[in-house]
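Summarising the annotation, TrEMBL assigns Zn(2+) binding site to His264, His268, Glu294. According to TrEMBL, the feature active site, proton donor/acceptor maps to Glu265.
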Amino acid sequence: MSINYQKLEQRFEKIGRLKNIINILRWDMACNIKKGSQESRTFEIIDLTRIIKKLLISQETKNWVSQAQQEQETLNSWQQANLREITSKIQSEEIIPEELKNNLILATTKSELMWRQAKKNNDYNSFKPYFQKVLNYTKEIANLRSQKLGVSLYDALIYQYDYEMTATKNKQIFNVIKEKLPPLMKKILQKQEQEKHLYKDIAMPLEKQKKLNQIIMPKIGFDCNYGRLDESIHPFCGGTPYDVRLTSNYNTNNFLDSFLATIHEVGHGLYAQNLPQQYKNQPVGAPRSFSFDESQSLLMEKQVAKSQEFLTYLVDILKTEVNFYNPSLTPQNLFKQANQVKPDFVRIYADEVTYPFHVILRFEIEELLISNQLSLNDLPHFWDCKMKEYLGITPPNVGLGCLQDIHWPQGSFGYFPSYLNGAILASMIMKKIKQANLNIKESFKTGKFETLNQYLNKNIRNWGSFYTNQEFVFKATGMPQINPETFLQYLENKYLNN
């Protein structure tokens, strides 16, 4: 093996550990930190980020890369893939000046803090100046990345989450959804209106919901020796591959909302815990893309946890291990409730039929904001108009409208398309699983998830970023590209043909 490559692995092992520290600090900021401690924590993160940047783009590191590239014949296929990813990381990091990166960290920290209050109080105007700073710095970064990569401003941001996925490619996929989903959704709504409405929201005390989550997580494969679940204002999966930090929030009026949000994050956690063991702190050991990451969470949430078989098992768990009883708690009733199609204001609680429009709305707004075609002054009204156009409903306040997500306060512009692409990928992956005749859903009835996890580990999670994005789409799905028709067919089969 190349001695220069060995030095690179050692350096990126250190960088990986430093990033892990930052991720735990960020989790703590979201879950525990007091307001007065926020500023000092921000500068701690900035100092660690500065150290990482120096290690990444030092001349020494670049020399090792250059020499290792000339010695690739001494590397195995995983090491070659890691070298490819290392090179990409360095090139990306060199684009953004340290001062601009630090300014964005400061701005997003203050923005996120103000967002928490603004969302709670439905006060957009108090949040707007902090949001404007985040948006301004994001545009500066987009401009620098755009010039270097030769792509549009918005493409430059999308690349951070799904390399080589562009706004144009997303539009090609999303336009199929925009054209074909509305008539399908209409048929589904009409069908459900004719069915007996035996179901209603099932209230559950907070402590029993927390107990349910702690019981179900290890049963579906999450290793609680290497992770934990806490509470935050917005559910997320953070931490490190060795210490996965999941969070959820709770709705005591309807336990399914909270439960499914938790399962979504567990899906992310299962991916993180089963990345390639030898390379977890190396670039090649990261998830291939955010679309693939979301495919794993949405597959668990929408296709596993909402299945009749899983819900049959869930009812048994609720009765025997949580000691929770409710007249509405039957597998048939729970299935109808979990799969009720009804336009909702909140993305994370949306059913899988209306969910795509939540993502498309955000995608279209992001592109307009980044290209200066929409101002923050007009954002709340524009959001409401788009919700009315796509889902026929208007949010009663900004907390249920443009302030509902944490992504923009954090500066994560370009992330949202990954959710819909992830949902489509999940349907493609599940189709391939069915073609393998594994009969996984029947095993859910008895709480057996080993076959599903073994398949996902072998074919997706264990591969990290070994393949390029396009190569991995084909490997994972058997199809050359993300195919919205597969997703639409999945919805039709589930909601109209059963």
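Numbers here mean position along the shown chain, with the first residue as 1.
Every residue gets a Cβ built from N, Cα and C, even glycine.
Automatic prediction, not curation, is the source of TrEMBL annotations.
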Would you mind reading off the Cα separation of Glu294 (Zn(2+) binding site) from Glu265 (active site, proton donor/acceptor), to the nearest angstrom?
9
The number of other Cβ atoms within 10 Å of the Cβ of His264 (Zn(2+) binding site), counted over all protein chains shown, is 25
Those same-chain residues, other than His264, His268, Glu294, found with Cβ within 8 Å of the centroid of the Zn(2+)-site Cβ atoms are Cys237, Glu265, Gly267, Asp293, Gln296, Ser297, Leu298, Met300, Glu301, Gly422
Determine the Cβ neighbour count for the residue listed as 'active site, proton donor/acceptor': the number of other Cβ atoms within 10 Å of its Cβ.
25
If you count other C-beta atoms within 10 angstroms, which of the binding-site residues His268, Glu294 is the most crowded?
Glu294
